[in-house]
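Per Swiss-Prot, the features are:
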{"type": "ACT_SITE", "residues": "328", "note": "active site, charge relay system"}
{"type": "ACT_SITE", "residues": "359", "note": "active site, charge relay system"}
{"type": "ACT_SITE", "residues": "437", "note": "active site, charge relay system"}
{"type": "COMPBIAS", "residues": "138-151", "note": "compositional bias 'Basic residues'"}
{"type": "REGION", "residues": "128-151", "note": "region 'Disordered'"}
{"type": "SIGNAL", "residues": "1-29", "note": "signal peptide"}
């Protein structure tokens, strides 16, 4: 048998070579553990992490190399085992049995060389191999010296290492120790999978946890890496993905029902579907009932919750063991149970993803027997007007399944009640009642929407979330391994229907000269600066990712010119968008092509005898990069990705159907690009815009999030959210919401005085729903800032005043302030508020009184914690 050992000097040289190869280090020849790393750009963090892990192993080997005698592998293993046993006794961990190696006297007599073939008379000794007793795996036992059939295969000793993360790693300690240890060090961040059949007996780790490759100090990082790898697995399987890719927003009636000129086949298919739809048994198997327990926050006593209550809803099953329902069904949920049709058993469900903006949620259950004998529903295209539609669900008035029938009456962009965002929706005349929410709406056996809201004022007006919105939600999860949300343009606009207004802006003259089409264009009145600013470097590629103009093929005009993959693959770093726009042949209409001339730096049009053609060109000489992307106030939007914007803010959806132009951006994903044709200073040009989430001063929804609050001396402070805004009667807040939608800074919040609790120190204060302007003469930025101002000392107050005095709510609220100079902030808290009547009123509290009665106030009003800030 070959025995592997080395002298301390040889091991030092060997390890130095390994570290030089693996990490490009410079090491001191006298102390190989102290190395200076040659860091390249972007590798500081990676190298420092790897070096730390290697140093852990070096410390172990360093202790071994301090021994002056010849070291054998069996001695190394025994030494590691003894150290682990000592630690195990101290920490009183669960006892494990590890392989222990016995020394061989005859082997100890061998001189120190790199390789040595032991004579056969030594192998024939009747001594057991110290590794043989502990090898439970038959594949490993074949290397035992007692196995006569394998005498010619005893050139290696295989050590089987099993990590605590259940991953098996097999290493060979061969005579070539350099390559062996080098392989180990170079593959620290890689998982090695070895197909080794485990026997019924448990194979214990060869090295204890402290000596394993990913152990102790790196345990948290390894867990995070495992979690990240699990997150990268998409929940959208191939069947569902194929179904989603076939859904189109602009499919015509001919595309849905069949090819042109094949009417007979279409009629036969429709008849078959109707005959099959008379029973609908298989579709019933795909619809489930939800039993949800919820606990909503109390908006009056903001530190408490309302008592728990139970609601019911509907959902339906799709491919991949997924269940689709409405987000408002499971908001603030503490437990969700689901029940199949025709089955009395209830299964506990869990939430995978929630999109509150479009009111969709994905559920599943860990009990996979639930999906036995169910039918996964498939999605269909956007329905056409007058299509017969069937809704299935569990509405109020009974416990069993209910089916209603109606027709598609309208497709438009309207507000979603749950989020207060505008998205595409489908109006139907089938009645929907509480409990129908989350159920499927079917056309020809395909899901074309999710039932979610109705119009109470009129009869038989209900709405469903169209399949195109559902498809975007699922594809976003598949693409980004998480739900990132919808992109918005981030502007306010005014329709340009008035002829006098169009004349003043120069549009009438452009129409007469046939430079632009008639009745197109909207005026931008306000722009979210954080969305359009180049200074924020938002138009540059982040993390070296490629950002395409949408994920699908968006045609600029009616020809097949792709603005997506052909050009935007090179959009990295500092991109010259003027050059990009010039390089793309911008198509302006189906009858007129506008081309770009790179040499002359002009965008011009061909002229022929057709009266609908446009005669103009735009000279791009002297254009800087700043002017080629982003929108500005007073710009007039004419086209978005080749689609004309009408003067009322609508755009053609398909055929002669029109919807709000916001839907063009709802088709795209976060960080997608679009080309927008505008009129700026009475000149026509094209600019690039990258789409982001818009940061609103008042969140449009705050579901599943508890309101922030801070209670001081019986005064309850909070931030203005939509849930609070609905219940406030302050006209100043109404003005604030009407005229100020976008945040000026990312951390801006409107801090409000929600109410004042009756206490001994709040006598005479009866204000509610008031805006907090200042604390101790310093303007309040957000709730966290307010807490800092109240709890600060005199010295920190001066520093805070100098640091934060420039920031002011006057950008949102205009008021005149009179400074109070005689304030002793060590004992007095002075709060300036704007009341519901528009008055600026001071509230003064004594810090000593607050400290004295603080515990009493908490006890009276059952306040367990005086603040909730995140």
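Yeah, the Cβs are placed from backbone N, Cα and C, and that goes for glycine too.
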Let me know how many other Cβ atoms fall within 10 Å of the Cβ of residue 328 (active site, charge relay system).
22
Which ones in the same chain are close to residue 437 (active site, charge relay system), with CB under 8 Å and 6+ residues apart in sequence?
313, 314, 325, 326, 328, 329, 393, 451, 452, 453
Are there any residues at least 6 positions away along the chain from residue 359 (active site, charge relay system) with a Cβ closer than 8 Å to its Cβ? List them or say none.
326, 327, 328, 416, 418, 419, 450, 452, 465
Three-class DSSP secondary structure - residue 437 (active site, charge relay system):
coil
